[in-house]
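What Swiss-Prot says about this one:
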type	residues	note
BINDING	G8, P9, T10, G11, T12, G13, K14, S15	ATP binding site
BINDING	T10, G11, T12, G13, K14, S15	substrate binding site
SITE	S103	site 'Interaction with substrate tRNA'
SITE	R124	site 'Interaction with substrate tRNA'
Amino acid sequence: MRPLAIVGPTGTGKSDLALAVAGLLSAEIAVEVVNADAMQLYRGMDIGTAKLTVVERHGVPHHQLDVLDVTETATVARYQQAAAADVEAIAARGALPVIVGGSMLYVQSLLDQWSFPATDPRVRTRWERRLAEIGVAALHHELADVDAAAAASILPTDGRRIVRALEVVELTGQPFAASAPTIGAPRWGTVIVGLDWDTTVLDERLARRTDLMFERGLVDEVVGLLGVGLREGVTAARALGYAQVLADLDAGGDGSAAREPTFVGTRRYVRRQRSWFRRDHRITWLDGAAGGSAALADKVIRIWRDVS
């Protein structure tokens with residue numbers, strides 16, 4: 001049985017669509033979801049990641065949720081190994097694995113059997129020290145000097161990925177992209193469906209989504225996570241919403257001023273997601289406005305059946 005993947009930008013309704021698919025298939029086959037959202041890996045990061053609550057999951061098993069403490073570093077390599085094991089275990093018990101998420105590298109690592117270059121802690125530490133010394137913007141310029149393509153694909157604010165790219169270039173003598181997978185037949189023959197909306201409509205959805213996060217207590221969630229080490233987290237503290245709230249709190253605010261930069265940052269991230277996923281010719285795209293969740297789920301199932 002071929003797995004199903006539902007991918008696309010943030011805020012498009014992928015999680016709800018997966019549940020609707022599970023509901024329509026419930027009389028025929030069990031469905032289990034494998035999360036492909038990097039920040040939903042973290043325990044306690046619920047409101048700012050729009051993570052479904054246990055009640056909202058309606059009894060559908062979800063994997064790769066709440067598997068890391070905020071002090072732990074999320075890595076694509078670790079996720080790839082753990083999520084692949086989940087997919088294969090789900091299929092082995094006769095259920096349908098449905099991979100759901102929009103974290104671009106995580107999705108690709110799972111579907112394209114990405115091989116990751118080795119890491120050297122000494123080299124990594126040296127570049128991390130360099131980052132601390134000169135700052136993320138200057139280090140991004142240094143990456144551009146040795147690997148212009150990598151610099152063009154990595155945000156100049158993403159210090160962790162800049163360090164990793166410089167580490168790979170130094171260790172392999174090759175461009176960072178040389179370690180990336182080429183798009184071929186997806187692993188396990190996975191059927192990939194993309195969900196998107198018109199840009200104007202999605203921007204409105206993102207604004208409502210951001211407002212709702214702050215209304216539901218994102219600031220309190222961040223404050224609570226500070227007590228368990230959020231500030232020490234390499235990846236968790238940089239998550240959209242969390243980073244903006246932290247910055248406002250550090251500036252003496254109460255966190256409420258983080259709403260607008262969170263929305264702007266999310267909208268910018270969505271543009272990157274859309275550009276990334278639209279390059280993948282294997283994805284069959286659906287318009288989120290083309291019917292309710294049941295109608296969209298029916299389309300997804302028909303696409304899956306046609307290929308399977």
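Yeah, the Cβs are placed from backbone N, Cα and C, and that goes for glycine too.
The Cβ of G13 has fewer other Cβ atoms within 10 Å than any other of the binding-site residues G8, P9, G11, G13. Counting other Cβ atoms within 10 Å of each Cβ, the lowest count among the recorded positions K14, R124 belongs to R124. Within 8 A of the CB centroid of the substrate site residues T10, G11, T12, G13, K14, S15, the other residues of that chain are G8, P9, D16, L17, A50, G102, L195. A distance of 13 Å separates the Cα atom of S15 (ATP binding site) from that of S103 (site 'Interaction with substrate tRNA'). By neighbour count, meaning other C-beta atoms within 10 Å, the densest spot among the recorded positions T10, T12, S15, S103 is T12. For the ATP site, the Cβ centre of G8, P9, T10, G11, T12, G13, K14, S15 serves as reference, and the other residues of the chain with Cβ at most 8 Å from it are G102, L195, D196, G288. When the CA atoms are compared, the binding-site residues lying within 10 A of S103 (site 'Interaction with substrate tRNA') are G8, T10, out of the candidates G8, T10, G11, K14.
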